[in-house]
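Colleague: Here it is: the structure, laid out below.
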Amino acid sequence: MAKTLYEKLFDAHVVFEAPNETPLLYIDRHLVHEVTSPQAFDGLRAHHRPVRQPGKTFATMDHNVSTQTKDINASGEMARIQMQELIKNCNEFGVELYDLNHPYQGIVHVMGPEQGVTLPGMTIVCGDSHTATHGAFGALAFGIGTSEVEHVLATQTLKQGRAKTMKIEVTGNAAPGITAKDIVLAIIGKTGSAGGTGHVVEFCGDAIRALSMEGRMTLCNMAIEMGAKAGLVAPDETTFNYVKGRLHAPKGRDFDEAVEYWKTLKTDDGATFDTVVALRAEEIAPQVTWGTNPGQVISVTDIIPDPASFSDPVERASAEKALAYMGLQPGVPLTDVAIDKVFIGSCTNSRIEDLRAAAEVAKGRKVAPGVQALVVPGSGPVKAQAEAEGLDKIFIEAGFEWRLPGCSMCLAMNNDRLNPGERCASTSNRNFEGRQGRGGRTHLVSPAMAAAAAVTGHFADIRSIK
């Protein structure tokens with residue numbers, strides 16, 4: 001029987017399945033950070049249980065960390081407690097931790113892939129909704145809650161029901177300057193922010209194959225923003241070349257044997273999906289969100305939509321509420337909308353390819369007066385690579401702030417946040433009300449588009465910036 005990639009991954013990890021029972025899955029990798037793990041470790045301690053597979057569990061600090069200093073006290077009392085608890089828990093339970101002073105420290109979904117913790121064919125979980133990122137490698141990766149974190153720590157398994165399947169095919173070739181961020185925002189604009197609910201999405205098509213691993217990670221990272229459980233891209237030579245030689249990747253003959261297995265991780269001819277969505281890459285322009293969910297998105301050349309243009313009453317009401325919160329008027333060109341802050345970073349867009357794209361725009365230019373622009377590399381290795389290439393100097397000379405690794409302004413859990421009413425061009429993944437700070441207004445864009453907004457002071461079409 002022909003199977004989809006998701007079905008192959010799921011079936012390969014079923015430990016036990018009984019009629020009318022939720023299947024029990026084996027978990028290959030468990031990623032841990034400071035925010036969703038303290039209660040889980042407390043649960044182990046209360047029941048005198050060890051971590052079942054400490055060698056398959058990897059921890060880092062990211063959500064709460066300061067991006068201006070490595071001082072654990074810098075982000076406030078709650079952040080300090082959570083980070084100190086993580087240090088204590090990892091020491092006690094034998095879990096490898098990339099703490100503030102470790103060269104590999106960074107955002108959990110950047111650290112995992114770059115250290116070879118993430119490999120094709122695996123099941124990967126983390127107490128974080130954007131765990132879908134790792135699906136770029138052909139791994140079944142999804143976020144879990146704190147009680148599930150405890151269950152995986154204790155048993156290396158998790159009860160998980162089968163999801164529906166969705167194929168999103170992006171055909172043709174994207175125009176120069178169009179990135180994975182533009183592609184995935186265009187997809188969410190088509191499906192809506194709940195269009196993938198109950199599904200695991202497989203991204204395919206020529207435009208997807210043409211993406212680097214960084215681009216595929218951006219794509220899968222935002223699968224959750226269309227309501228999907230997880231996102232997948234079947235592994236290929238691009239995947240194998242990225243993984244080869246990384247710290248935790250197989251070596252020598254083991255790697256060659258692994259690749260032979262990984263090559264089987266693709267949807268069979270004749271396999272059927274519950275839902276199919278198609279887009280043409282050449283029709284995708286640079287994207288900017290205008291509302292308060294990622295599905296409220298338009299091309300940079302478009303005007304702010306009129307709520308009256310939405311036939312669905314729920315969408316119309318949502319648009320009215322979003323425009324009121326965002327302080328926008330229908331009919332205004334996006335390129336007339338001024339910004340206060342720019343954030344280049346997050347688990348969506350903080351990898352070396354993202355920073356190169358932003359630096360290309362920033363080079364020889366200056367951040368517009370009155371704009372604060374932050375560049376936050378996703379990990380220690382990304383920061384070191386960027387500095388080796390001189391990207392930090394380009395940013396600093398242009399007036400951007402070059403920061404230490406962390407989740408930063410993606411979410412208001414550290415010192416990097418918006419003030420009420422401030423408008424931000426952000427490369428992160430969520431533009432919900434208050435996501436970047438109470439009353440803050442978030443517009444999601446690609447790194448190049450964020451840099452363009454920084455140097456012009458408003459949204460600008462990257463294709464028109466020479």
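Glycine is treated like the rest: Cβ placed from N, Cα and C.
This is the feature table in Swiss-Prot:
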type	residues	note
BINDING	Cys347, Cys407, Cys410	[4Fe-4S] cluster binding site
Colleague: Would you mind checking how many other C-beta atoms are within 10 angstroms of the C-beta on Cys407 ([4Fe-4S] cluster binding site)?
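Modeller: Its Cβ has 31 other Cβ atoms within 10 Å.
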Colleague: Using the CB centroid of Cys347, Cys407, Cys410 as the [4Fe-4S] cluster site centre, which other residues of the same chain sit with their CB within 8 A?
Modeller: Asp62, His63, Ile107, His109, His130, Gly345, Ser346, Thr348, Ser350, Gly406, Ser408, Leu411, Ser428, Asn429
Colleague: If you draw a 10 Å sphere around the Cβ of Cys410 ([4Fe-4S] cluster binding site), how many other Cβ atoms fall inside it, taking every protein chain shown into account?
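Modeller: Taking all protein chains shown, Cys410 ([4Fe-4S] cluster binding site) has 29 Cβ neighbours within 10 Å.
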Colleague: What kind of secondary structure is Cys407 ([4Fe-4S] cluster binding site) part of, going by DSSP in three states?
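Modeller: Going by the DSSP assignment, Cys407 ([4Fe-4S] cluster binding site) belongs to neither helix nor strand, so it counts as coil.
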Colleague: Using Cβ atoms only, which residues of the same chain lie under 8 Å from Cys347 ([4Fe-4S] cluster binding site) while being at least 6 residues apart in sequence?
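Modeller: Residues satisfying the criterion: Ile107, Val108, His109, Val110, His130, Thr133, Asn221, Gly378, Cys407, Cys410, Asn429.
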